[in-house]
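TrEMBL has this to say about the protein:
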TRANSMEM  A:6-28  transmembrane segment
DOMAIN    A:89-295  domain 'Cytochrome c assembly protein'
TRANSMEM  A:96-113  transmembrane segment
TRANSMEM  A:125-144  transmembrane segment
TRANSMEM  A:175-195  transmembrane segment
TRANSMEM  A:207-229  transmembrane segment
TRANSMEM  A:249-266  transmembrane segment
TRANSMEM  A:273-292  transmembrane segment
DOMAIN    A:315-636  domain 'Cytochrome c-type biogenesis protein CcmF C-terminal'
TRANSMEM  A:394-413  transmembrane segment
TRANSMEM  A:425-444  transmembrane segment
TRANSMEM  A:450-469  transmembrane segment
TRANSMEM  A:490-514  transmembrane segment
TRANSMEM  A:614-633  transmembrane segment
Amino acid sequence: MIPELGHFALALACVLALAQGAVPLLGAQRRDPRLIALGPPLAAGQLVAVAAAFAALLWSFAVNDTTVLGVVQNSHSAKPLLYKLTGTWGNHEGSMVLWVLILALCGGAVAGFGRDLPGALQARVLAVLGLVGVGFLLFILATSNPFARVWPPPADGQGLNPVLQDPGLALHPPLLYLGYVGYAVTFAFAVAALIEGRVDAAWGRWVRPWALAAWAFLTLGIALGSWWAYYELGWGGYWFWDPVENASLLPWLAGTALLHSAIVVEKREALKVWTVLLALLAFALSLLGTFLVRSGVLNSVHAFASDPTRGVFILALLALYVGGAFALFAWRAPAMAPTGVFAPLSREGALVLNNLFLCSICAVVLVGTLYPMFADLVLGVKISVGPPFFNAATLPLAAPLILAMPLGALLPWKRARLWPVLQRLWWAALAAAAALLLALALAGERVWPALGFAAAVWLVAGAAADLADRIALFRRPAAAWARARGLPRAAWGGALAHAGLGVTCAGIAGMGLATDALVALKPGESARLAGYEWRLEGVRDAAGPNWTARRATVTVARDGAAVAVLEPERRFFPVGRETTTEAAIHTNGLRDLYVVLGEERDGAAVLRLHHNPLAPWIWLGAAVMALGGGLSLSDRRVRVAAPAPKGAPAPA
Amino acid sequence: MTTIRPRRAAILPALLLAPLLFPAAAPAAVGDPRERLADPAQEARARAIGRELRCLVCQNQSIEDSNADLARDLRLIVRERIAQGATDAEVVRYLHERYGDFVLLRPPVTAATALLWAAPALALAGGATAILLALRRRRVAPDAVVEEAAAPLTEAERARLAAIEAAAAERDRRPS
Amino acid sequence: MSDTGTTTTTPAAAPPGRGPGHDRDARPAGEAAAPPRAAGTRRRWVLYAPLALAGGAFLGFYALLRGLGTGSYDPRGVPSALIGRPVPDFALPPLEGAELPALGAADLRGGLAAPVLVNFWASWCVPCVVEHPMLMRLSREGVPVFGINYKDRAEDARAFLRRHGNPYARLGVDQPGRVAIDWGLYGVPETYLVDRTGVVRWRWAGPITPQILESDLRPLLRRHA
């Protein structure tokens with residue numbers, strides 16, 4: 001009964017979304033305040049309906065309702081409740097419902113928080129969100145019904161892939177979707193602006209919080225996925241340039257560019273057309289990722305089971321939304337006159353440069369991801385494009401970007417001179433050079449990690465120099481505290497985000513110095529790695545709610561003093577007959593000691609030992625970046641957006 | 001729809017169900033200590049080469065990162081060749097001859113991949129050209145525009161800024 | 001990355017006193033909704049670039065999806081590097097107790113009476129069972145089928161042949177799987193067509209189905225006969 005109610009709620013949501021897509025749009029075109037006023041209630045209605053559907057699906061998983069196909073295929077009664085619930089979005093159908101739920105939440109937020117928006121703009125934004133919702137609800141109803149029944153019901157479900165039964169991974173898709181779908185809102189704003197034929201500072205102010213929020217969530221989502229890969233997959237890597245990873249990186253890169261160019265629109269009313277295009281691109285790339293992951297065209301271990309009809313459906317949606325938006329763009333963009341003019345050397349100029357490099361990286365990642373497919377299709381050759389290509393092709397573009405980041409943040413608007421900026425950054429440059437030399441001396445002339453450390457110090461010191469300059473720390477130290485308190489949070493947020501990238505750079509550089517060893521130890525034997533003594537105490541059986549395991553105990557000591565006890569496991573999940581390795585990790589913030597248990601043979605256990613310097617900093621830096629985004633978001637100037645008399649719908 | 005061995009068949013379906021938009025890959029190859037070369041310099045070379053070679057059955061993983069049977073065989077071959085004194089290029093060529101371009105994670109520069117390898121330069125050059133064109137378009141603009149760029153905030157802009165900030169402050173005081 | 005727009009008609013500076021609101025009516029006259037297209041302002045073709053690129057991508061993706069449906073595009077397929085080249089050097093021992101001649105490169109080089117199939121198989125390989133009737137049929141029709149038993153145990157291989165029949169005129173045993181790598185094998189079953197001069201002409205990864213037999217293999221056998 002409850003699954004049927006959920007199914008009905010989805011259908012109802014689809015109807016409401018259609019109304020949300022049509023009525024306010026019509027109202028805005030006719031300047032009819034009554035129709036415009038219907039937008040928010042329709043958005044709220046759609047949200048309630050989708051939330052009801054999602055709740056019904058959650059319930060089906062929670063009670064392990066084996067008459068529901070999705071539950072049978074992806075769940076099992078022996079699974080802990082948490083993973084039963086998170087299993088709701090651990091499959092194609094359920095994850096689409098989550099996607100639509102988040103979209104409806106965004107619509108609800110635009111309806112609820114957007115009271116200060118001019119009525120017509122809000123109506124158009126809601127309409128575009130409604131139209132996006134219709135497409136995906138139809139997609140779910142037509143090709144991916146999450147409430148499909150099986151009869152007679154099997155005794156129990158088939159279980160969830162055990163590597164996915166993990167708290168980090170349970171949270172990863174919702175965060176990622178908050179990012180992807182957040183760009184649906186900036187997309188809707190961009191389309192609304194194109195329809196109206198105008199973009200101004202106020203538009204920039206309304207778009208920026210959404211771009212910031214989406215970016216912060218996407219940053220967290222990507223970082224969480226990367227962290228999960230690091231601790232769960234057990235080979236100590238954190239980024240594999242897999243097509244599916246790239247699919248999440250693409251909107252992040254475009255979104256980062258959008259974040260920066262929206263500032264220029266807001267402050268200077270320049271780069272309008274470009275910013276609108278970026279807003280369209282960020283969402284287009286989000287949708288592209290959805291298509292690649294779910295259509296089966298990708299050659300990835302992460303892809304969903306493929307289904308050609310789904311692929312065609314998503315492609316049609318993609319063509320409709322992205323093609324429609326780009327057509328609108330080509331038609332209407334000339335209407336947007338730039339007013340702010342700037343010299344090439346200025347904050348605006350620096351942000352243009354930022355966009356140039358970010359978009360170039362984005363283009364390279366996109367080309368690298370799609371190239372094997374299109375080479376096969378057009379040229380008939382099968383090639384692989386893997387990490388060696390992406391590292392070699394993106395680094396030369398990322399390096400100048402990192403070099404320019406602190407400079408750009410310190411440049412004044414409109415017209416600048418380089419010399420004063422360099423004067424304020426000389427100590428940061430000095431610190432970076434010192435870090436480079438120190439790293440070369442300590443790490444034995446390993447050039448890439450050393451450059452990574454130099455970049456890290458340059459970014460963090462540059463962010464500090466930026467803040468010091470804004471609060472006049474050195475010029476008027478007495479007033480610095482007062483100025484620091486008065487400094488807008490957006491300034492703190494920006495500096496923090498830049499410093500966060502520095503922290504991530506340090507983590508990546510540290511991982512460049514990682515060492516490991518593969519050893520077979522008998523209980524009582526030990527091995528040495530990175531100055532530590534790793535001793536296998538023993539291996540025993542262990543059991544969990546839906547698995548059994550072999551668990552090794554490894555004590556790690558340094559100079560005779562115990563540092564950590566690590567217990568890596570090999571888990572066996574009887575449902576599905578799968579084995580996973582659970583790495584054991586000890587971190588002190590500066591390095592990870594990481595052990596994976598392999599096979600046991602002749603009384604000896606195979607252990608892979610890793611010493612990963614600064615590994616946690618990779619994700620710590622991402623968290624700092626997201627925190628910076630959050631801080632910017634809490635800036636009242638961003639939060640309140642541009643004030644306009646409430647409610648006054650545009651008079652006809 | 002190709003093939004395959006029980007081992008591969010056991011791994012792939014699980015992965016295909018992996019929902020993820022992000023990683024769900026096979027658990028790591030823990031490896032076998034006996035595989036590794038005694039000489040650390042040679043072992044380091046073997047691993048560097050292995051990271052450039054694609055595991056053919058697992059897709060998008062290097063042979064160093066895969067626990068597939070074939071990947072292990074290929075790891076052993078890389079190490080054998082190195083132990084026999086082959087250069088890095090010779091080892092790679094050995095596998096390239098057998099498995100073609102597909103085995104190389106770093107695609108070789110050929111007519112078919114020229115566009116791929118040129119992508120960074122093309123993207124940068126294309127973007128830079130667009131920016132220069134936009135700047136030139138600017139230059140055609142009336143002098144007043146250029147002067148405006150040079151000037152600090154005008155009286156009008158200052159007034160507007162003040163209005164915006166006052167209004168923002170006003171809103172902030174208002175309870176919502 | 002151009003900041004596009006009809007710059008030539010841009011007002012020099014924002015009119016003073018413009019409020020921050022977004023209200024339509026507060027808009028200064030200079031920014032009317034319709035773009036004032038001054039003489040000399042060409043239609044900005046650059047603005048069509050995203051649409052054109054996206055259109056191209058859609059067509060490409062559609063072709064890929066079509067290919068997925070018809071089988072002409074397979075993201076997991078690995079092409080053989082051996083096509084058009086002579087068979088690699090190898091010499092394999094026979095399967096103990098099977099009373100079949102062994103297989104080596106010498107048996108495949110030059111002067112063959114007819115094109116030969118070389119089939120990699122193993123008793124533990126489920127698709128091998130699926131394709132076995134096809135191999136039996138070919139063998140009965142007089143097509144020489146040579147086998148390479150891959151990473152298998154001798155008794156299991158013998159039991160497999162007893163149970164399902166023996167299509168192989170020659171059978172080599174590749175227990176370590178090294179010869180398989182020389183052939184560029186990446187899974188079993190895989191079947192290669194070697195022409196009369198000893199050059200590899202065709203490779204099929206996966207079981208030979210009746211459809212593959214009729215649509216691919218038979219025409220090739222005729223052409224290289």
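Residue positions begin at 1 at the first shown residue.
Cβ coordinates are placed from backbone N, Cα and C, and glycine is handled just like the others.
Contact counts against the transmembrane segment (A:125-144), taken as Cβ pairs under 8 Å, peak for A:6-28 among the stretches A:6-28, A:96-113, A:273-292, A:425-444, A:450-469. The stretches the transmembrane segment (A:273-292) and the transmembrane segment (A:207-229) are in mutual contact, each linked to the other by at least three Cβ pairs under 8 Å (pairs 6 or more apart in sequence). Counting residues 6+ beyond its ends, the transmembrane segment (A:394-413) has Cβ neighbours under 8 Å at 267-268, 342, 345-351, 353-354, 357-358, 360-361, 364-365, 421-422, 424-425, 428, 455, 458-459, 461-463, 465-466, 469, 494-495, 498, 501, 505 in the same chain. Scored by C-beta pairs under 8 angstroms, the transmembrane segment (A:490-514) has its highest count with A:614-633, from the stretches A:175-195, A:207-229, A:249-266, A:450-469, A:614-633.
Mean model confidence for the domain 'Cytochrome c-type biogenesis protein CcmF C-terminal' (A:315-636) is a pLDDT of 91. Through the fold, the transmembrane segment (A:96-113) approaches residues 10, 13, 17, 20, 39-41, 43-44, 46-47, 49-51, 53-54, 57, 88-89, 122, 125-126, 129-130, 132-133, 136-137, 139-140, 144, 146, 173-174, 177-178, 180-182, 184-185, 188, 290 of its own chain, all at least 6 residues removed from its boundaries and within a Cβ separation under 8 Å. Panel annotation: around the transmembrane segment (A:450-469), residues 399, 402-403, 405-407, 409-410, 424-425, 427-429, 431-436, 438-440, 443, 484, 487, 491-492, 494-496, 498-499, 501-503, 505-506, 508-509, 512 of the same chain, lying at least six beyond its termini, place a Cβ under 8 Å from a Cβ of the stretch. For the transmembrane segment (A:249-266), same-chain residues at least 6 beyond its ends with a Cβ under 8 Å from one of its own Cβ atoms are 179-180, 183, 186, 199-201, 203-205, 207-208, 211-212, 214-215, 218-219, 222, 272, 274-275, 278-279, 281-283, 285-286, 288-289, 340, 348, 351-352, 354-355, 358-359, 361-362, 365-366, 369, 629.
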